[in-house]
Every structure is written in structure tokens, then in C-alpha cells.
């Protein structure tokens with residue numbers, strides 16, 4: 001019995017990173033599966049339809065039926081494709097979509113170590129440059145999409161890949177400036193420090209960063225190629241976009257990567273602007289609810305906003321999309337970073 005306890009302790013210790021990473025991957029995959037179910041159900045409700053309702057009670061087993069269908073389908077390779085790049089592109093996209101979750105803190109516990117209060121996050125890795133890590137991962141995702149469009153040997157796929165790359169790069173600039181203003185107000189690039197510092201700051205700082213939160217939400221819609229900025233996948237123009245020649249599991253990897261990115265950017269916005277795992281209002285009995293539950297509820301709220309936007313707002317033209325990014329969001333974000341820094345410096349509220 002003592003040996004079994006020691007084995008379990010070793011399995012759950014920090015050294016058993018493989019177990020932790022596999023648990024995180026399985027959790028993200030299940031979340032993605034039921035995000036698709038949630039999207040279909042919510043849009044069906046808004047359009048006065050039933051949505052998935054046949055496979056299992058209330059259609060709850062529909063994601064597993066869809067997964068089984070994709071696994072058993074034949075993978076068709078176009079004659080003009082470049083085989084190695086064609087198959088490695090979805091793997092790159094899928095892997096990078098999962099890699100960003102390594103630094104996301106789903107909660108935290110506070111301990112007193114050697115007389116110093118220390119907050120330990122519930123994340124796989126707690127690195128000092130967590131914000132930069134996430135932005136590096138999101139920037140690399142462009143390569144998988146470009147490889148998919150180029151290697152497919154299809155003009156539709158190539159045009160969709162070019163659109164996606166230019167769109168993602170354009171809005172990453174605005175997102176970087178938004179996160180810079182958050183980092184200035186928190187005084188750190190560690191995600192757990194950002195949540196803790198933002199929680200202890202006065203409410204007027206949240207109001208000061210509210211315009212940046214709006215810019216960030218619109219930017220993550222464009223960054224994840226979601227409606228109304230889903231120009232790379234515009235069915236009426238490009239059939240399906242950069243993944244038009246993919247089927248079976250390669251297509252599923254692109255699909256899973258897109259929805260995993262949706263959850264990831266929603267988690268990022270929760271950390272930067274919604275207080276992370278803390279309750280929305282500072283009332284004592286709300287702290288009885290675990291921080292992980294608050295974090296998940298806030299992420300679900302943002303995912304509902306993603307779905308709501310898809311069901312209600314028409315698609316932008318490509319020139320409107322680029323004009324919004326370069327002529328509106330970029331100058332506004334740059335000016336507002338200066339405003340936030342100036343106000344905090346003038347009122348002596350910059351973190352020491």
C-alpha cells in the first residue's frame with residue numbers, strides 16, 4: 001500500500017509532466033467537441049430550429065458521432081499537391097493550438113512561503129514571459145495555414161491562405177498594443193501576476209482599459225478567422241478557404257485547431273480584462289465557489305458572444321476588414337497605450 005501511495009504521489013507531482021499534459025490535451029479536446037455542440041444548439045435556437053437532437057439525450061453524443069465519421073472517412077490527396085507540406089500543415093496548426101494552453105492559469109492558490117505570500121497558478125508552466133509566449137505561438141500559426149494553401153495546388157486554397165495570413169498579422173499589431181497597456185497597468189508579463197495585480201487595483205483602472213477590451217475582442221474575432229471576419233473561409237467566394245482540399249483527419253485537425261484557438265483567446269481575454277478566476281464582484285460568499293468555476297463561466301460567456309456574433313452580423317468585405325485594422329484599431333490602440341501610461345504615471349498608480 002505504501003508503494004502504491006508513493007507511485008500515486010510521483011504521478012501527481014510536478015515531475016509527471018506527461019500525465020499533466022495528456023490531461024490538458026484531453027480536456028481541451030472535450031471542450032472543443034462540446035463547443036461545436038454548443039454553437040450548433042445556440043444558432044439553432046436563434047434561428048428557431050432544434051439543432052442536434054437525435055444522437056443521445058438532447059443530442060449530447062453528436063460530437064462523438066461526428067468524430068467517428070471523420071476518423072473513418074478516406075483522406076483524399078489532390079494530384080497537384082506537395083505531399084509532405086500538405087500533411088504537415090494541419091499537424092502544425094493543431095499542435096500550436098494546443099501549445100498555447102501550457103501557460104494559461106485556470107486558477108491559483110495562495111501560500112505563505114518563508115514569510116512571503118506566493119500565488120501558485122494551476123497551469124502546466126508558470127513562466128515570466130507568458131504573454132510573449134502566447135503571442136509567439138499565435139504568430140507561428142500563420143505558417144501552417146500558408147503551407148496548407150500553397151501545398152494544396154488549388155487557387156481557392158491559396159487565396160484563402162493569403163487572406164488569412166494578412167488578416168492575422170494585421171490584427172496582431174493591435175492586439176500587441178492592447179496587451180501592452182494591460183502589462184503596463186499590472187507591471188508584469190506573467191499571466192498570474194496580471195490577474196492578481198488587476199484584482200487589487202481600483203475600479204477606475206478597469207474603466208480606463210474598457211476601450212482596449214473592446215478592441216481586443218474585435219481583434220480576436222479577426223485573429224481566429226471567425227464571423228464577421230471569416231474572409232479566409234468565405235463560402236460564397238472561396239468554397240471553404242485554405243482547407244478546401246482536405247478531408248478526414250487532416251480536415252479535423254484544422255477544425256479542432258480553430259475551435260481550440262477560440263477557447264484560448266477567450267481564456268486570454270478572461271485573464272486580461274475579466275479578472276481571471278476571481279468572482280465578478282467582491283462579495284465574500286462568492287469566494288466559496290472555486291476559482292476554476294468562475295474562470296470557466298467567464299470563458300463560456302465570451303464563447304457565447306462569439307456564437308452570437310456569428311448568428312447576427314453579416315460578413316465584412318475584405319477592404320473593410322483591413323481598413324478597420326490599420327486605419328482605426330492601430331492608431332487608436334497606440335494613442336490609448338499613451339493615455340493609460342500617462343494617467344497611471346500622473347496618479348502614481350504604476351506598479352512598483
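The backbone N, Cα and C atoms fix where each Cβ goes, glycine too.
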Swiss-Prot annotation (transmembrane segment) - matching range among 201-221, 222-242: 201-221
Stretch with greatest number of CB pairs under 8 Å, the transmembrane segment (201-221) reference, 18-38, 129-149, 289-309, 328-348 candidates: 328-348
Chain residues outside the transmembrane segment (177-197) and at least six past its termini with a C-beta under 8 angstroms from it: 103-105, 108, 119, 121, 123, 126-132, 135, 205, 208-209, 212, 215-216, 219, 271-273, 275-278, 330, 333-334, 336-337, 340-341, 344, 350-352
Best-contacting stretch, by C-beta pairs under 8 Å, relative to the transmembrane segment (18-38) and drawn from 84-104, 254-274, 328-348: 254-274
